[in-house]
Each structure stands twice: as structure tokens, then as C-alpha cells.
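Colleague: Mind having a look at this structure? Questions to follow.
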């Protein structure tokens, strides 16, 4: 099968448009949680209402591991295109449910039920997105360019986050609090419904990667095989996935809540700060992906994780001493640089851990477990911990442990040949695993005798 030269960029566009929309829809809910809480989860205690809303934000993460594995297997059998087209359709349905949902004052308990069902569908959709989209990008990438092409996965997530934060900033700046509460909060979800069909069309008209057609389409995917043959790779993938999720949900999804409730900033200040810092991060992510193709992924991520862990406490201490918009902006810009250095190479790093016939499944297992167990409930957990303990450094306590875990996991990471053809990389890794398995069987047999 002949692949035209422009096809890799078609894969980038297909992944970027769809993935950006997925994360835009998913995070708009989190950013508008303070407003949505009043419409769907009324309570006498504002903290209780906020906890119910942030808990619903995490509900979608409960279904992500199972949904992600199922869609990952589907992507490894039926193809990346089929899986990615399916998940964007799910996202459109869930967005429509939320955009047109009546409020609690209109239909009572049915309103939060609709919201929860919408979040579950969004969780299924996002659960199938990362593994399939990352596999697509890496398998289309030319040798020596996988870091750069893989970086567009995180770039597209940044676009979605950027659009969500920009929408939050515009809504809180243009509309009054009464207008936001009554109707204007629906605007970002309606816009998602307009853009979604474009992403679906692009994905449906994309070709499958040549390496998938050659190597993966006729091989059966076994979950047991993945855990038996790739324990170290699963650990590295889970640890790095945990770090990326915790960074995003502490410093982006939770920050507006933290800034308003703990630092007493204005409602639109954190949205403006996040919009600026996200622009910086978006510009830097592909640069670090490209740099990882030149000097290696391990060194870039190792340095960034170490600096992040060293700076997180001083940053939050200074922010609480000087809780101004300027202080918040300085912290976010510094961390935007470090986050870009981690997010740029990480997609290629994770994808290269697994061969083609289990790549989407392996990525989906680790990324979605990390997101579900650690990422999704971060806003809820930190909201509760800060309210319970009064410790405004709680976000730093929470984040630093996972930064250390990510740095430690790199000790177990064996960097691949970045200039090798992906099929050669798969064949060499499979042969090494077979040798290791034979040696292990031999040792077991000798012990038995």
C-alpha cells in the first residue's frame, strides 16, 4: 500500500481537530463548575453544592478504564480510524445532552441525572481517544520524527484546554452573573456541537496507517499477554501518564476553583491567566517534541520533572503570600515551560513502549487508569482537603509526590532507537521479549528439577 507524503499531516489534522474538541467539551464543564453547581446541584451549603459538581466531573473518569480498554482493543482490531470516528460521535451526543438539559428548578432530580449520564458518555469517549489518536500519530510519523508528530497529541489537548479557558474568560467578562447562571453557560456546549461534525468528517476520510495494515490487523489482542510480557513498560507508562494527568488537573482544571475560593481572586482572573499560559505551552510542546528526536526523550523529561519538584513549593508559598493576578501569571508561565518539556516527548515515549498490535490497548490501559484513579477526582479531593485542613499548600503536597514518581519511572525506561523504522522497532522488541520469556521458562524448569 502506497502512502502519499501528505498523509501524515492529514493524520495530524484528524487527531488534532477531534482531540481538541473532546478536551474542550470535557473541561468546559470543569471550568464552569461554580456556575453549573447552582443550576443542577442546589444546596444550602455552597461547599456541598461545589463538591457534588466536582464529583460529577469525576464520574466520567470512573468508566474510562473499562471503556478505554474496550475501545483500545477495537482500535487494534478494526482500526484507528473506526475507533476515532466512534468516540467523536459519542462526544457529540453527550455534549447535546448537556447543552439542552433542563435545570433542577425546571424538572427536579431528572436534571442532575441527565448531567451524570452526559458525563459518563463523555468519559467513554475520552477514554477511547488517547490510545487510538496517539497510535495513529506515531504510526504515521517518519523515522526520526515520532517525538514531533506525537507532540501534536498533547498540543491538541492544549488547544481544547485553551479554547475552554478562553471561553471561560469571555463568558465571565462579557456576561453578568445572572446571565451566566440563567442561560449563557450553555453557549460553549452549543459551539462544540457546531464544530464536532467537522472532526467526524475528517476522521472518516482518513486512511489507516500502513504499519497497522501490515502488522496488527490480523493479530489477536490479549490483555494477559500485555501484563505478562510488558510489566516494566506498563509501570513506566502508568507513572508518566499519572504525572501528565496530575499536572493538568491541579494546575489547570483545579486552579480556577483554588484561585476563587482560597486566594479570593475575581472570577475571571484565573481564566485570563490560564489563557496566556496555555498559549505559551501550546507554542512550546511541538518544539520539545522535535528536540526529543534530536537529543532523546529521557533527558528532557528527567530534567523537567526534577525542576518541577524543586519549584512547586516555593511557587505556592509565594502565591499565597502575594495572591495577585501577576503572581498567578508568573507561576503559570514558569510551569507552562516545564509542562511543555514533559508533554512534548511523552506521547512518543509511551507509544514506543508497545508494539503495533497492542499499542492502542496498552496506552489505553495505563493512561486511563492513571486518569481515573488520580486525575479525575483531583478537583474534588483538593476542594475537600483544602476546606477540611485549611492548608493552602495542599495542591503542592499532592503534586510533588507524582513528580517524584515520574522521575523514578524514567530509571526503568529503555530509550528506543528514534531513527529506526517503527516496524523494525516492533520486531526487535518482540524478539527481545521472546528471548526473555524463554530464559524465564528455562529458569523455572531448572528450579523445578
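Cβ atoms are placed via backbone N, Cα and C, with glycine included.
Just so you know, TrEMBL annotations are computer predictions that nobody has curated.
What TrEMBL records for this protein is below:
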DOMAIN    11-418  domain 'Major facilitator superfamily (MFS) profile'
TRANSMEM  21-41  transmembrane segment
TRANSMEM  47-75  transmembrane segment
TRANSMEM  82-103  transmembrane segment
TRANSMEM  109-138  transmembrane segment
TRANSMEM  159-177  transmembrane segment
TRANSMEM  183-202  transmembrane segment
TRANSMEM  234-257  transmembrane segment
TRANSMEM  269-288  transmembrane segment
TRANSMEM  300-322  transmembrane segment
TRANSMEM  334-354  transmembrane segment
TRANSMEM  366-387  transmembrane segment
TRANSMEM  393-413  transmembrane segment
Colleague: Report, as numbers and ranges, which residues of the same chain sit near the transmembrane segment (300-322): CB under 8 Å and 6 or more residues beyond its ends.
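Modeller: Tertiary neighbours of the transmembrane segment (300-322) are 240, 243, 247, 263, 288, 291-292, 328, 331, 334-335, 338-339, 341-342, 344-346, 349, 392-393, 395-396, 399-400, 403-404, 406-407, 410.
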Colleague: Can you tell me which recorded stretch out of 159-177, 183-202, 234-257 has the most Cβ pairs within less than 8 Å of the transmembrane segment (21-41)?
Modeller: 159-177
Colleague: What residues in the same chain, six or more past the boundaries of the transmembrane segment (82-103), come closer than 8 Å to it by Cβ-Cβ distance?
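Modeller: Long-range Cβ neighbours of the transmembrane segment (82-103): 14-15, 18, 21-22, 25, 29, 39-40, 71-72, 74-75, 110-111, 114-115, 117-122, 124-126, 128-129, 132-133, 136, 186, 189-190, 192-193, 196-197, 199-200, 203-204, 360.
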Colleague: Looking only at the domain 'Major facilitator superfamily (MFS) profile' (11-418), report the model's average pLDDT.
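Modeller: Across the domain 'Major facilitator superfamily (MFS) profile' (11-418), the average pLDDT comes out at 86.
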Colleague: Under 8 angstroms for C-beta pairs, at least 3 of them, ignoring pairs fewer than 6 apart in sequence. Is the transmembrane segment (183-202) in contact with the transmembrane segment (234-257) by that rule?
Modeller: no
Colleague: Mind pulling out the one from 109-138, 269-288, 334-354, 393-413 with the most Cβ pairs under 8 angstroms to the transmembrane segment (366-387)?
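Modeller: Result: 393-413.
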Colleague: Restricting to CB pairs under 8 Å, which listed stretch, 109-138, 234-257, 393-413, is in contact most with the transmembrane segment (159-177)?
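Modeller: Going through each listed stretch, the top one turns out to be 234-257.
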